[in-house]
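Heads up: the structure comes next, in structure tokens.
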Amino acid sequence: MAPRLDFSDWWAKDTRKGTPVVVKMENPNYSVVEIDGPDSAFRPVEKSRGKNAKQVTWVLLLKAHRAVGCLTWLATVFWSLLGAIKKRLSFTQPMGSEKLGRDRWLFTAIKLFLAVSVVILGFEIVAYFRGWHYFQSPNLHIPTSTLEIQSLLHLVYVGWLSLRADYIAPPIKALSKFCIVLFLIQSVDRLVLCLGCFWIKYKKIKPRFDEQPFRNEDAEGSGFEYPMVLVQIPMCNEREVYEQSISAVCQLDWPKDRILVQVLDDSNDESIQQLIKAEVAKWSQKGVNIIYRHRLVRTGYKAGNLKSAMSCDYVEAYEYVAIFDADFQPTPDFLKLTVPHFKDNPELGLVQARWTFVNKDENLLTRLQNINLCFHFEVEQQVNGVFLNFFGFNGTAGVWRIKALEESGGWLERTTVEDMDIAVRAHLHGWKFIYLNDVKVLCEVPESYEAYKKQQHRWHSGPMQLFRLCLGSILTSKIAIWKKANLILLFFLLRKLILPFYSFTLFCIILPLTMFVPEAELPVWVICYIPVFMSFLNLLPSPKSFPFIVPYLLFENTMSVTKFNAMVSGLFQLGSSYEWIVTKKAGRSSESDLLSITEKEAPNKKSQLLRGVSDSELLELSQLEEQKQAKKPVKKTNKIYHKELALAFLLLTAALRSLLAAQGVHFYFLLFQGVTFLLVGLDLIGEQMS
């Protein structure tokens with residue numbers, strides 16, 4: 001065996017030189033690290049080693065500081081929420097509360113449901129603390145013998161369990177299965193619409209026309225023969241938006257002798273009438289062919305207004321009519337992008353343009369509305385227009401062939417959705433529609449929850465009225481069977497009736513009910529996965545809105561109360577089914593509109609505009625201008641919405657019940673949905689009180 005040659009000791013002995021020094025340390029602070037091997041000194045040392053008591057103290061203090069900061073942040077948020085609620089309630093007057101009227105049947109039912117839920121919750125809490133945990137699972141053993149009964153309260157509780165399992169759970173299960181089937185059918189319809197939209201984008205399908213459709217070699221002058229177009233602006237007490245809408249329509253790029261603008265004013269406020277008259281006079285002085293009409297008898301709302309305007313003798317000279325509501329601002333080339341589609345297409349009755357919103361980023365409410373309306377125009381209208389040549393007329397930003405209106409019966413005053421009414425009747429008479437997704441018209445969405453709720457009530461009660469009235473006409477019409485099926489099953493039943501029915505019943509009634517009847521518990525995919533997927537599909541046309549997917553899902557469930565109430569009211573002619581309240585506008589303008597207004601108010605422009613005005617008219621115009629400038633905005637009175645508040649407390653009660661049963665997803669959904677109902681019920685979404 002080879003001898004071991006180890007010179008380390010010898011080398012160390014020879015290299016030690018000098019006088020040894022001993023160093024003593026008071027209160028030494030050191031750590032010992034064991035080194036096993038020649039490369040151990042270069043290995044990373046575990047973080048848990050080498051910490052003294054002072055370091056541990058600092059770490060604990062840092063963690064405590066972070067915890068206190070988190071709690072402080074939560075307390076600040078909670079305190080801010082309470083402050084906002086207090087402020088909202090302080091500005092609420094007794095007359096500002098929601099008027100229930102004849103629609104209080106739904107509120108009464110929700111109150112009864114809430115009272116029963118609170119009683120059952122108290123009963124379940126007592127049972128929980130007494131150790132009767134039978135409600136954690138329907139499969140657990142329920143006492144049946146008298147030896148297992150502990151007291152009279154225990155006997156009552158066991159009786160409740162038997163009643164719940166044998167008589168209450170089966171009908172809830174049946175109703176929930178029915179609603180789930182409707183939910184899945186509607187989800188499939190939504191998915192098919194999205195696939196159709198993808199196909200249109202992929203194939204680049206869109207309506208086209210000849211680049212020079214009105215060229216006529218025999219015509220004198222420019223060689224173009226433009227058709228006669230009538231432009232109508234129906235309005236009613238539109239103080240905030242009348243000026244910008246009239247201004248935009250009067251700047252349409254169309255030969256002056258081939259266009260007539262009708263300002264159809266139904267205002268009952270004389271000051272607003274004078275303002276609109278003055279605006280019409282100003283544009284008339286600039287050479288625009290514009291007239292002002294005011295009805296003495298205001299019947300039929302917007303339909304009656306349009307019907308009255310179409311009865312004028314001079315309308316016979318016009319071939320097409322374009323309609324713009326008071327808050328719409330078309331671009332100058334609107335008519336040149338829409339009217340040419342009618343040429344060489346005698347079966348075409350309607351050309352509909354898309355809406356875009358000047359105030360879509362104003363607040364959370366406008367952002368959520370933008371998601372819904374983008375899906376409606378980008379997906380529903382475009383797919384139906386390409387594959388079916390039919391869709392519901394949006395009531396504005398569209399051009400009608402006057403012959404199609406006359407053959408379909410004209411404007412009727414029988415519902416609050418006269419636009420959908422005329423579209424269905426025109427479809428039954430064989431007229432085709434075209435939707436132009438690339439032609440956009442600026443408008444507003446409601447900025448307050450009060451205005452939005454009234455608008456949605458009209459939009460969901462009117463279709464049910466119309467369905468009752470036109471069902472017989474659809475069945476006896478001469479159109480193809482598949483078109484009849486599309487009208488009845490998809491257009492009316494699925495998208496107007498089934499959607500608000502299952503949305504309200506499933507998520508606002510059945511879901512909290514199953515917390516007290518766990519035998520009928522809804523699966524997680526019904527309350528989580530499918531709704532999130534459907535919300536994802538709705539957000540595809542507006543990808544910038546993806547951060548709002550959770551608020552959108554919760555708010556849509558909250559709006560299901562209003563939509564369900566409106567649907568039932570319209571279907572059975574209850575309460576305010578035939579009620580039209582003009583949607584309040586804020587008068588928002590785009591940047592180009594602001595620039596044009598600035599130029600228009602310049603001194604030289606004003607002098608040119610008033611050059612042909614008499615002294616009396618000039619005095620009247622100056623008085624109106626002073627009146628507009630002196631008018632101060634009236635503060636909006638906050639409202640309390642009883643149905644939303646009652647459902648908020650109901651959902652929060654169900655959330656507490658789910659907490660006892662340790663149901664994670666159900667608890668969080670009910671909690672967040674209940675808070676959303678609370679915020680909406682206190683009018684904390686949308687336009688705020690300054």
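Yeah, the Cβs are placed from backbone N, Cα and C, and that goes for glycine too.
According to TrEMBL, the feature transmembrane segment maps to 64-85 (among others).
Long-range neighbours of the transmembrane segment (105-129) within the same chain, counting only residues 6 or more positions beyond its ends whose Cβ lies under 8 Å from a Cβ of the stretch, are 135, 153, 157, 160, 509, 512-513, 516, 561, 564-565, 568, 574, 642-643, 646-647, 649-650, 653-654, 656-657, 660. According to TrEMBL, the feature transmembrane segment maps to 105-129 (among others).
Residues or ranges marked as transmembrane segment by TrEMBL: 180-200 (among others).
The domain 'Glycosyltransferase 2-like' annotation in TrEMBL covers 320-516.
The transmembrane segment annotation in TrEMBL covers 487-516 (among others).
For 522-540 (among others), the entry in TrEMBL reads transmembrane segment.
Per TrEMBL, transmembrane segment is recorded for 645-661 (among others).
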Distal contacts, the transmembrane segment (645-661) - CB-CB under 8 A, six or more residues away | 107, 110-111, 113-114, 117-118, 120-121, 124-125, 128, 135-136, 508, 511-513, 515-516, 518, 561, 667, 670-671, 673-678, 681-682
Taking the domain 'Glycosyltransferase 2-like' (320-516) alone, what is its mean pLDDT?
-> 95
